[in-house]
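Some notes on the structure that comes next.
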Amino acid sequence: MATAAAGALGLLWGWLWSERFWLPQNVSWADLEGPGDGYGYPRARHILSVFPVAAGIFSVRLLFERFIAKPCALHVGIQDSGPYQAQPNAILEKVFVSITKYPDEKRLEGLSKQLDWDVRKIQCWFRHRRNQDKPPTLTKFCESMWRFTFYLCIFCYGIKFLWSSPWFWDIRQCWHSYPYQPLTSGLYYYYIMELAFYWSLMFSQFTDIKRKDFLIMFVHHLATIGLITFSYINNMVRVGTLVMCLHDASDFLLEAAKLANYAKYQRLCDTLFVIFSAVFVVTRLGIYPFWILNTTFFESWEMIGPYPSWWLFNGLLLILQVLHVIWSYLIVRIAFKALIRGKVSKDDRSDVESSSEEEDVTTNPKSACGSSSSNGANRVNGHPGSSYWAEE
């Protein structure tokens, strides 16, 4: 029995690392055992170093959010306080938990008669109660500041590294002499840091702020980790660096817009969001398909030919492109609503992030309860608010 199990495990292991799957025709793992230059050729065992690095990144994040991001948040006026607590009421709590968090007019009238409360007071209670389940702005600010810092640093490093790389100027260099393309120390550290960061996001996603696009982001992280890992093992690292840098180009802009939103710098938020939208559409719907996918599908087919892991690699790239289209649609939809309505509407992608209306309720509950309309809370100094723009 043990022998059979060991044999089955051996077959599985052999299939998992089959040269016919991972490598082009007439190339074996033995051919890549040579030292090459610099760090030699990529090895699957190098991936194991990612996990302690990911743990280290997560630890650095905790320290960063506490000792750097939080003081910055307090400096720009974000209060270190939780949401306004709704007045305890067993009847309304039962409705909120068991029936609906957004009661309609008929139910509001029934509750008003049952409690002898004004309808507006009951609406105010439900707004306060909904806000109790939402993370404070301080938490969101710290999370975004950490991502902004990492994305900006890794993007700057990527540009500096690629600027001196020949495949940045001639993308066909990604396939010259493939797979006999040795690693350099700069390329190795770039890959390991990116992969470790996405592993840290994969785990922290379950503790971070929950959004409607949780599943999409989970698929995104899986596809990204799969892409980086596969491209490293089969030594498609040159084109991999281009993909990583291209994605980092817009990510830090989105986080910057979110930071401006949380700090109530609405005009800055608007400006950053416009820049982010332009960079996102150009990089994800322009450069990515016509430069990256063109070389991975057509130029690589011409120069090295397809093989099993080549199909898997391109399949993962296509998954990312589908996600790019979905996100671009959501971004354009948000911008279109802003142009048509001229006021804030809740972000279609965000389940927990509060709109300007409900954030205003949290910070100033008395004025919110006494107002007959929430539209006024959607503007800051007469300028259309854009909190929904800055939510990912």
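Indices start at 1 and increase along the chain as displayed.
Including glycine, each Cβ sits where the backbone N, Cα and C put it.
According to TrEMBL, the protein has these features:
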- 92-136: domain 'Homeobox' (DOMAIN)
- 94-137: DNA-binding region (DNA_BIND)
- 139-340: domain 'TLC' (DOMAIN)
- 148-168: transmembrane segment (TRANSMEM)
- 188-207: transmembrane segment (TRANSMEM)
- 214-233: transmembrane segment (TRANSMEM)
- 272-291: transmembrane segment (TRANSMEM)
- 311-336: transmembrane segment (TRANSMEM)
- 346-392: region 'Disordered' (REGION)
- 367-378: compositional bias 'Low complexity' (COMPBIAS)
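The transmembrane segment (311-336) makes contact with the transmembrane segment (214-233), as judged by at least three Cβ pairs under 8 Å among residues 6 or more apart in sequence.
For the domain 'Homeobox' (92-136), DSSP puts the residue distribution at 32 helix, 0 strand, 13 coil.
If you look at the transmembrane segment (272-291), the same-chain residues 6 or more away from its ends with a CB under 8 A from one of its CBs are 171, 242-243, 246-247, 249-250, 253-254, 256-257, 260, 320-321, 324-325, 327-328, 331-332, 335, 386, 389-390. For the transmembrane segment (214-233), the list of distant contacts is 22, 42, 44, 46-47, 191, 194-195, 198-199, 201-202, 205, 239-240, 243-244, 309, 312-313, 316-317, 319-320, 323, 326-327, 351: same-chain residues at least six beyond its ends, Cβ to Cβ under 8 Å. Predicted-model confidence for the DNA-binding region (94-137) is 83, expressed as mean pLDDT.
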